[in-house]
Amino acid sequence: MCRLGSPGCRTRAGEGPGGAEPSRNSAAPPPPRLPSACPQLPASGCALGRRTGLVSEPLPADSLPRRPQRAPSASALHAAGAEPPILWGLASVFSSRTSRKSASRAGNDSAMADGEGYRNPTEVQMSQLVLPCHTNQRGELSVGQLLKWIDTTACLSAERHAGCPCVTASMDDIYFEHTISVGQVVNIKAKVNRAFNSSMEVGIQVASEDLCSEKQWNVCKALATFVAHREITKVKLKQITPRTEEEKMEHSVAAERRRMRLVYADTIKDLLANCAIQDDLESRDCSHMVPAEKTRVESVELVLPPHANHQGNTFGGQIMAWMENVATIAASRLCRAHPTLKAIEMFHFRGPSQVGDRLVLKAIVNNAFKHSMEVGVCVEAYRQQAETHRRHINSAFMTFVVLDADDQPQLLPWIRPQPGDGERRYREASARKKIRLDRKYIVSCKQTEVPLSVPWDPSNQVYLSYNNVSSLRMLVAKDNWVLSSEINQVRLYTLEDDKFLSFHMEMVVHVDAAQAFLLLSDLRRRPEWDKHYRSVELVQQVDEDDAIYHVTSPALGGHTKPQDFVILASRRKPCDNGDPYVIALRSVTLPTHRETPEYRRGETLCSGFCFWREGDQLTKVSYYNQATPGVLNYVTTNVAGLSSEFYTTFKACEQFLLDNRNDLAPSLQTL
């Protein structure tokens, strides 16, 4: 909100630009055979001792220039229906911005955290020279081989933090920006963003380097989840202590990404159940359609000791490489050309496989859009003596395009699905394409590129909620807040960053954190202490943690019309000790509440409350707001000390909490 009292950040007239742990399954891939000049990995798989020989001095994240022009243009990707190379989770695994010094650290510690002297203790780097044995028929690095290297590096980072063997549990969406040619170098960097009970989120960045021209460019980014595993004792991971601003952002947002992973399967089910998926099967020219059955591929692989770690579990990267192989064959059977893999959708390993297992990999083209196609891959495992009893190991969906000599996507033949399951897969592919577009539009774009009010519908509600909370967490994690004023222990901080002026108010109240969280999370009670909230209507209770409100506010800044807002309020309980309670607010649009002549429609980009427990019946309450040009005059008047309205409203909030802290005994039992 642009002012503490007002829910809006700008008006259209002034607008400017926790849960269950993943199951154990497979671990990191076997090391590739390297020339004698390169360091070899021990044969023990992803054991802790494999860390040596892989670590190199870290390169500054901002040393990577833009990718060469041979990469497909954004317009080409858009025409192909394939998403741009962006990362699930706000594309923030490794920020290119230099981390600022932490205000909480002094002297040498700050200098080390901000400069080259500091290195994340979980960081692992791998550099590989691309040889002919690593490439496909076009002389480019095979994506399967790259996935093996990614998984190996990420697993070593996870094991460095856990101090014990780790296995791959899941991999988030991967978008490939650039191909890598033979003779170039692949540089992979991985570090643990956050540790939970026995699982960890590992962020991976892949860059390529041309040794002759000295050019470097980004290839892809990824997020993987690893589970620590010991045979005898249960693992309880130590927590990550973030030091730089970048690490604090990743640590904070990782909890929200984990929450979204846990509901990912339900999100797809709900979309398929509640939304009508349109198709044009009846209108297509069947004479130019390829039967889906012609693209079906089935292949079997015997898991040998080189494919597994010292515990006998198959490397996750090896399974991913085999899956990419059969998917490429299926895609080639449709287009009769050499396709290029552009994206892999998030997937989970459902269980482990061991040495001696036979893995059956099945692939088929589910749907062909104008310039892209989705290939579904399924992996099942069985032992020699029990072939009829197969275990489902993994399923994944991969998006392919066919590029011409100018790296432009070519038109693809239509696919004719088989009746029954084939038609079901065809329609589900359309649903997944919509979900990918929602993730691109809401989750993965830079915050300054996302429209303030995004349309709300059942297919994107999970991603809007994620964006709402993660944006606030990232704002909170910034280091360079400046104390502007302090009146009676109420502090006002400001932050000028990314063309936005942000502020936050902070005070300590004698109320339990859970009580303050419950009292302020219901916006219908806000008019009791905030005079800028004239009325609040609950429009939709989306779920336990998310609700949409219609808010009206008095006129401000010389305008004669009052304002109204449609606000999504997302609340989150702490994930770990030390985490705050969070109430995040942002604007959305609803077809039932369109802009009307009697109100000026206001919007808010990022605002909300955080509550930290400071002791028994003692809570630090902080309100954050990212203002935009439409209300800068109001904000700067308070920041400059020419108005005390911020202070007055925040003290009224404190009194509201004190007066009502004893009204919530039944509700507190559920927190």
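Cβ coordinates are placed from backbone N, Cα and C, and glycine is handled just like the others.
Heads up, TrEMBL stuff is auto-annotated, nobody curated it.
If you look up TrEMBL, you'll see 120-232, 293-406 marked as domain 'HotDog ACOT-type'. The annotation domain 'START' is assigned in TrEMBL to 478-651. Per TrEMBL, the feature region 'Disordered' maps to 1-42, 57-78.
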Query raised in the report: If you average pLDDT over the domain 'START' (478-651), what do you get?
Result: 87
Query - Secondary structure content of the domain 'HotDog ACOT-type' (120-232), with strand meaning DSSP E or B - result: 23 helix, 53 strand, 37 coil
Query raised in the report: Counting each residue once, how many in the domain 'HotDog ACOT-type' (293-406) are helix, strand and coil under DSSP?
Result: 29 helix, 52 strand, 33 coil
